[in-house]
Amino acid sequence: MAGGGFTNGAAGVEFEAKITPIVIISCIMAATGGLMFGYDVGVSGGVTSMAPFLKKFFPTVYKKTVEEKDLGSNYCKYDNQGLQLFTSSLYLAGLTATFFASYTTRRLGRRLTMLIAGFFFICGVVLNAAAQDLAMLIVGRILLGCGVGFANQAVPVFLSEIAPSRIRGALNILFQLNVTIGILFANLVNYGTNKIKGGWGWRLSLGLAGIPALLLTVGALLVVDTPNSLIERGRLEEGKTVLKKIRGTDNIEPEFLELVEASRVAKEVKHPFRNLLKRRNRPQIVISIALQIFQQFTGINAIMFYAPVLFSTLGFGNDAALYSSVITGAVNVLSTVVSIYSVDKLGRRLLLLEAGVQMFLSQVVIAIILGIKVKDDSNDLSKGFAVLVVVLVCTFVSSFAWSWGPLGWLIPSETFPLETRSAGQSVTVCVNLLFTFVIAQAFLSMLCHFKFGIFLFFSGWVFIMSFFVLFLLPETKNIPIEEMTERVWKQHWFWKRFIDDDYTADEKVANVSNGFDPASSSILHLPKPCSKKGYIKIPEGREEPQLLKPQEKEKVIPNYCAELVAMAFTEKAVVFLLMMMAAFQVSHAAVHKVGDSSAWTIIGNIDYRKWAATKNFQVGDTIIFEYNAKFHNVMRVTHAMYKSCNASSPLTTMTTGNDSVKITNHGHHFFICGVPGHCQAGQKVDINVMKVSAAAAPTPTSAMASPVPPANVPAPSPNNASPFIVVKGGFGFSTLAMALLHFLLFLPIHD
């Protein structure tokens, strides 16, 4: 369904907070924006079926539906571009307003943006209720559309930011639920005002939209802006005061620091729309756009906008048509409540696939009944079949309300990464409003030309989108947003080909030649002939390699074999020459301070990947982590944890503020900051120690990288720019002999 929006996912951190009266009142006031939007959706279909309204603004339609109702095609009586524009203009205006609302929400705040939305709503309601001609009516709808654009942008964000994290999901659904309640309320109002004598009932229907409009406007004047918005605009002290007020506790420092940090990270995201077009973001953007298009081509808005008109077309009396719309509206509300309790238990894919079957069968059966019973020039639909059609429409609406309705917004909100989430939100909302406009503007004309086939048209789209879900939509239930890439996209049979890792093409080639494949933390290819046992794997959560089982060798890509045989000879020759040089056993041990003068932090936009690329790490080097221990720490983690910024089970944790790590073997050593949000902001580093080093070889039992206790072993001065030299007494002859043996053992032998 059109409308709604999505907000930035929470980081999953629980801060101390009470559910205070100011939070409850603020959320109720803000959620009236959803009520207003839902009312606008539902009211248009009702008034366009009222004879006095048609007589004043659309006399040609009035003539076909009242004066000549027994002439012409039943399906074409409401086919009028002006009538469709009355409904669709709201969504075109909403689409345009969204671009401005994104700016005001960020620069002027959520509260002021809601106030602007309320102002547009009130002006639109006044013009519609007092309309004397079609132009005045359309301008009023355009103003209402502007209100929709501003409210849909600001209200979900306001609700998400002001609510404590433990009830944030429920309050976000409150907005979507209010949309369905608004539709039901509009249907009830239309049913009542249609009975008013004197032909002015339609004015009351349009004018009563002023109630939620006034509630939203007054509410925006009374509530406080969110701490996130105040901090984002540099008003830190005011933001801290508001945070203390809405949380009902003095212990707000951890959350306040988190908000300050999140604001800084958000400001550092450059060119989010350009990032959205990168190959690695292809799955998210394709799925988000597809979901919005498919959501509209289920045909739901055709029914929500024009339900009374549709029922009138099928031969229902005016009262019966409006009453049937009330029933479908009530089903819509109840089914939306069902989705609240089922989405995290049953999963997204199951709900979408089940709904696809239910919607497809409902629409096909409706098309069959109408094709047989409803003729172009007569109303032969008996009471029994009329009731059956209403039941089938309710079946269709219910399946949509617990699937494509809320999930069309939920799934995009939990798939976009931080650096593209704001841009992804804008694109998703715009696509939804664009195709809502298309359906609203075209439906009555399509009904005239397709007749009962319009339901077959939509059922065909439901069939297509169900296959899309089956093959291309991964399950995202209970998966943290920060782990979506590793656990969803990289595991999907199709989308994994679009996901890049954090390594450049040159780094991939270099790492594969060293036996390390950064595209996979589970399979390593050793440069030995493929006919030998030349493959090892690293089990999940461990660092020790083990040989592949014979049946697992089929998993290794055969095309690597010829390259590995050639690389084996070349690499061993190089190793032999280097090891001869090692007979003199002179090694360089250096001290590297992570980030150099910037140290270990998230302030200053430090790119630790670029920093590491400028260093030549060797066995024996010492890595210094210098940081403020109040806000940061250091965790050594596995490759998978490094990629997903998972700090739940680190290999080691350091918290002194001046930690030293001595490198005792070659390979990749991964470190992150375990403070929530810091790793995602870039506070992580990969120390890649090349395979060949002039340092003394580690003992067989040595670990990857060992932290050096600062109390016992003082770290060398990190300010020394040049590495110091350590001359070690060697075992040159032994090393030379081992190198020769190593070379001979691994000469490539063809079977």
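The chain as shown is numbered from 1 upward.
Including glycine, each Cβ sits where the backbone N, Cα and C put it.
Keep in mind it's a predicted model, so treat the numbers as computed, not measured.
Features of the protein shown, as given by TrEMBL:
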{"type": "TRANSMEM", "residues": "21-39", "note": "transmembrane segment"}
{"type": "DOMAIN", "residues": "26-477", "note": "domain 'Major facilitator superfamily (MFS) profile'"}
{"type": "TRANSMEM", "residues": "82-100", "note": "transmembrane segment"}
{"type": "TRANSMEM", "residues": "112-131", "note": "transmembrane segment"}
{"type": "TRANSMEM", "residues": "137-159", "note": "transmembrane segment"}
{"type": "TRANSMEM", "residues": "171-192", "note": "transmembrane segment"}
{"type": "TRANSMEM", "residues": "204-224", "note": "transmembrane segment"}
{"type": "TRANSMEM", "residues": "285-309", "note": "transmembrane segment"}
{"type": "TRANSMEM", "residues": "321-343", "note": "transmembrane segment"}
{"type": "TRANSMEM", "residues": "350-372", "note": "transmembrane segment"}
{"type": "TRANSMEM", "residues": "426-446", "note": "transmembrane segment"}
{"type": "TRANSMEM", "residues": "452-473", "note": "transmembrane segment"}
{"type": "DOMAIN", "residues": "590-691", "note": "domain 'Phytocyanin'"}
{"type": "TRANSMEM", "residues": "724-747", "note": "transmembrane segment"}
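Looking at 112-131, 137-159, 204-224, 285-309, 452-473, the range that has the most CB pairs within less than 8 A of the transmembrane segment (426-446) turns out to be 285-309. Tertiary proximity for the transmembrane segment (321-343) is limited to same-chain residues at least six positions away from its ends with a CB under 8 Å from its CB atoms, namely 42, 45-46, 49, 170, 173, 176-177, 180-181, 183-184, 186-188, 190-191, 194, 303-304, 307-312, 351, 390, 393-394, 397-403, 405-407, 410, 477. Beyond the ends of the transmembrane segment (285-309), by six or more residues, the same chain brings 1-2, 41-42, 44-46, 48-49, 78, 87, 183, 187, 190, 276-277, 318, 321-322, 324-325, 328, 332, 359, 363, 393, 396-397, 400, 404-405, 407-408, 411-412, 415-416, 424, 427-428, 431-432, 435-436, 438-440, 443-444, 454-455, 457-458, 461-462, 464-465, 468, 472-473 to within a C-beta distance below 8 angstroms of the stretch. Beyond the transmembrane segment (137-159), the same-chain residues lying 6 or more positions past its ends with a Cβ under 8 Å from any Cβ of the stretch are 3-8, 26-27, 30-31, 33-34, 36-37, 40, 57, 85-87, 89-98, 100-102, 104-105, 110-111, 113-114, 116-121, 123-128, 131, 168, 171-172, 174-175, 206, 209, 213, 216, 226, 429, 433. Same-chain residues lying 6+ beyond the ends of the transmembrane segment (452-473) with a Cβ under 8 Å from its Cβ atoms: 75, 287, 290, 294, 297-299, 302, 348-349, 352-353, 356-357, 359-360, 363-364, 366-367, 370-371, 374, 411, 443, 446, 494-495. Counting only same-chain residues 6+ beyond the ends of the transmembrane segment (204-224), those with a CB under 8 A from a CB of the stretch are 22, 25-26, 28-30, 32-33, 35-36, 39-40, 43, 46-47, 50, 111-112, 114-115, 117-119, 121-122, 124-126, 128-129, 131, 140, 144, 147, 151, 182, 186, 189-190, 193, 196, 242, 245-246.
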